[in-house]
Every structure is written in structure tokens, then in C-alpha cells.
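Taken from TrEMBL, the feature repeat 'TPR' covers 89-122, 191-224, 225-258, 394-427, 461-494, 530-563. Marked as signal peptide by TrEMBL: 1-23.
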Amino acid sequence: MRPSRLLTRAVPLLALVGLGAVAAPASRRPKVDTQAMREAISAGAQDEGMSSPASYAHYLRAKLLSLQGQHRGAVDSLRLALATDENNPHLLTQLGEEYARLGDLTKAERELRRVVKVYPAHYAGRLMLGRVLMEAGKPARARMHLRRAIQLKPREPEAYLVLAQLYLDGRSNEQAVKVVEALAAALPGEASGFRRLGLALAERGDSTRAGHLLARAIERDPGDVESLTVLAQLHEKAGQLSDAEEALARTLERDPDNQAVLMSAGRLALRLGSPVRARAYFDRLLSISSDPELTVRVALAFLSAKDPTSTVEVLDAARKGRGASPRISYYAGLVHERLRHFDAAAIAYAEVPLTSELFPEARARRAVCLSQAGEHETALALLREALAEHPDDAELWVHQARAQERAGEPERAVAMLKEALERKPSAELYEALASTLQRQKRSAEAVGLLRTAISREPREPALRYVLANVLLARGDEEGAITSMRGVLELDPEHAAAMNFIGYVLAQRGRDFAEAERLVRRALQLRPDTGSFLDSLGWIHFQRGDYPRALQSLERAAELEPEEPVILEHLGDAYQRVSRPGDAAGAWRRALEVLALNPEAADPPDQRVLLERKLKLLSTGAADR
């Protein structure tokens, strides 16, 4: 053996390697792939060496099977790997994870305990054992192993995140916050802890902590679009609309084509009273997408903001451009109809093709609009066509009868509804016939018709409800209340019946306590119903509590701005609190609505009454 000879042969080789490295031209050196180096280092750290090629081959096979979702096969391959490398901590940790994926937490815990017993400083084993114990419902033991894992690798985020999740699952939100703060202290630029916990707390309703954590995550990662978006939602929920819009604007700086964010920003701008900013957001949104659903959502946002003009503009622009679709035309028709643009509505409805599922409804609505516009012959032809296809559709019979009445043939309308009732009786048809008879000054006949129907169907609350309205129109308040109490006997949760009784009692100027109790119960069942709030306001008005009346009536008018009765009541309340200008404005708005829709008058001479109030107001005699 001649070691000197080995050394003399080795030294020149090392020297040549070193010299070659120094002398190599820079242009010929391969580019360093730092990401590949990190992955290689990470893989080397995790594999921790295998005792044999066979063991490593089985390990790789297990990884492949696991990625394919074949966890039982992965377990078998890992056991084969362990046969030649019995206490390899990495193999045991992987085996524990595969058992956990199979739902066998007992075996998973057993294998992982072997790891931490033989290798107490094995980070991956501690971490996985903590996760398994957490899933097994053993939080105290899980915490112990997770904290030990953090001690082993204080700059590794995963153990912190699992521990935070453990506290979160145990509803210890404050402790979870402390864990992610510890992670931030260990890794000053790390945002994942604040981000993940903030998002989780936001989902669970802990808005205060969530907002604080997301703000800190954004400090570390200003381009975190999801955190900015959720933070905006939290601000909006808290009523901090300007802060919410600012967060969304920052999001759009990073992701200017984010459709969800553009939609939210537009809605917020509308809530902040800035239709110009809203239109800018929405125009950007619609310029990058021709999806009809987005157009509808934008239109509905304007409609919710009480801006029907912009709603129509959005829908009509889409009808003429690349966003045209049957649904767009249908919604355009609905909005035009609501605005009493009956000719424009009929044109929009006509664009819905026969092949669309919306065609039957669009055809019926088109006929109604044509009838309202005075195109009686075309309207009736469309309704006859629809009824030939759907002879049992009660709503079509009602539309046809009303169109016949508008065309100057009330007797034919009555005959048509009676024919429909013979074919298939329904509360809707009885109500339509009773209303038609009332308009012809035949209310006694309407009452008789309904009483006969009730005798046949005594358990049908809708018939009693219609009868109560007919009796009230005849001036029989006592009979109307009795009939409506019958509705409540059959359906104790009938909110509209409660509202009816409460309003009539208030009109009579008595039983205010019962009236208010009934109307408030109706509002509990159906909050933010304009007609119910109008009744509550009218109860306060009749009691002489005009400030409270005004509060309810203003809200009612916000919810139903096209309802002339509510507008008239609002004007009455304004007058009582010495706001004559606002009173005149409300009454004039009611007259504008009635000019567009005379059928909305209640009572029938409401227009005359409103004009009289305005005249008295101008002479200073309205209170007399």
C-alpha cells in the first residue's frame, strides 16, 4: 500500500479542478437555476438518505401512487421501503401521512410516535404528528408537538399555521392571533400567517380581528388581491364605505381587469352617491366582457340604487352591441315597463326569440304593454295565441280580460273570466273577476260571487283576502276586518292580512295599539316592505306623532318610489311638520306616477284629491 502515491495523484486533480473553475470564460458558464437548487436542497433535506436503492425505489413508487390518490398502494410501497430501512424517519413520516389520508388516524399516530421517539428533533415528524392529533380531537397533545416543531425550526411557517388552525378550531381566536404574530416576529417579511388567519376569521364573522390581520398582511404584501378584496368587504359591512372603495381601488391598481372587484367597486360608488365613478367602473367591466350575466348584474345595481334611467341605458346599449341576448332584451323590457315606456318595452320583449325559455313570459308582457299603449288588436291577438298554447294559465286569462276591458269591451272581459273559472277555478281568477265587476260599479255582484266561492272552498284564505278588499272598497270596514280576521284564522302568519287590519284600524282612528302590534308583526315576517312601513307611518300619523310617521314614510318611499298612496301619505306628513316645499314635491311626484299609470289610483279619485291638496297648500289653507 502506497498512500503517498494516492495523495500525489489526487492533489493535481483538485488543483486542476480549481484552476479550471477560475480560468473558465464567463460566457461559457451555465446559468445558475436558483429555484432548482432550492428544490434539490429541500428534497435532500427531506429524503435524509435511504439505506438501499430498493428502499428508495419503493419510496418513489409510494410518492407516485399518493399523487394519483392511491393511498392504500402508497402504504404498501412504504412498508416495502421500510423493510430494508426500518427506522428511517422520513419513510415513517410519509407512512403516517398516508394512513391519515386513508382516515386511519390510530395507525397514523402510531407510526409518527415511532419517529419522534427515535428522532426527537425530526421536524417533519413532529409537524405531522401534531396535525394527526388535531384531526383526532386531541388538541392538548397536538399543541405540545406543534410547539416543539416550532422550536426545532422557528423560521419554518407551516407549524405556526397548523397551530393557529388548532386554536381557531377551538374558538380561541386570540391565541391564534398570538401564534401568527410569533411567526411574523420570526420571519419579519412573512405575510402568510396574517393573511390565512385573517381570511379564516373573516369567514367566521370575527370582523375586527380579521380586518386588523388583513391590514398587516397587506403591509407586507401590497399586491395581495384577495386580502384587499376581503378587507373591502369587511369595511363595507362595518359601514366604512369610503375605506372599502379605497381598498378596492388599490386592488384594481394590481389587477385592473378583475371583474368581481370592478363590480364591487361600482356598487360601492353607487352607495356613496357617485354615479359617475360607478359608471367608470362598470364601463371598464363591460368593456372587457360580453357576458350577458354581467350586464344584467350591472343593470340591477343601478336599479337597486334607484337609478332606472342608467339601468335602461346599460341594457339598451347591450342590446345594440356584442352583449345582446334574450335575457338582456327581457330585462330591458321589464325596466322600460316599470318606467311606463310601454312602446319601448314592447319592442324589447319582441326581441326575445321563440326558441328562448323566456319567450312565453316575454310574449305575455309584450301583450300587456301593447294594451297599455293602446295597441289593443295586436295585444289581444298575442294573448289569444298564448292561450291556445297554454289554456290553463290563469294569468293569461287575467291579462286577456284586462286587455279586453281596456279595449272598451268590459262585458266581454267578465264573460271571459267566468269561462276561465268554469275551466279551472282559482283565487287569482276570482280576484280578477271581482275587480272587473267593481270597476263596472257592480260590487254587490262581486261580493256575492266571492261568498259563493268561499262556501265551496272555506279553507282557502286567498278568497277571504279578496273579499275583504272588495268589502273595504264598498265602505264596509267592519265586514272587511271580519273577513281578514278569517284569513288569519286559516293562516296566522299571513303578513299582508295583518297589515290590512292594522291600516284599516288606523284609518278608523281607534285601536291603535292593536293596529301597531299587527303591523310590526307583519314587518317582522317581511322586513323592508314598503306598504307595511307606510301602514306603520300612517298609524303614527293618525296618533299625531308626525316625526315618527315621517321616519317610516320616508323609508317606505325609498323602497317603493312609484307608489302614489305612499307618496301622498309622505306629503301629508311633511305638511304636518311644517315642510310645505317637501309636501308639494311628494304630492307632485304622486301625480306624475298617476299620469303614467292611472290604474294605480287609490281611491279612484286620488288625482283630484292630490290636486286639491296642492291648491290649498299654495293658498296656505291646507291645514283647515
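Positions of Cβ are set from backbone N, Cα and C atoms, glycine also.
The shown structure was predicted, so the numbers you read here are calculated from the model rather than taken from an experiment.
Taking Cβ pairs closer than 8 Å, the repeat 'TPR' (89-122) reaches residues 46-48, 50, 55, 59, 62-63, 66, 71-72, 74-75, 78-79, 81-82, 128-129, 131-133, 135-136, 145, 152 in its own chain, all 6 or more past its ends. Counted with DSSP, the repeat 'TPR' (225-258) comes out as 27 helix, 0 strand, 7 coil. Helix, strand and coil residue tallies for the repeat 'TPR' (89-122), in that order: 27 helix, 0 strand, 7 coil [DSSP]. Within the chain, the repeat 'TPR' (225-258) has long-range Cβ neighbours (under 8 A, six or more residues past its boundaries) at 195, 198-199, 202, 207, 210-211, 214-215, 217-218, 264-265, 268-269, 271-272, 284, 288. Mean predicted confidence for the repeat 'TPR' (394-427): the pLDDT average there is 95. Residues of the repeat 'TPR' (530-563) grouped by DSSP class, helix first, strand second and coil last, total 28 helix, 0 strand, 6 coil.
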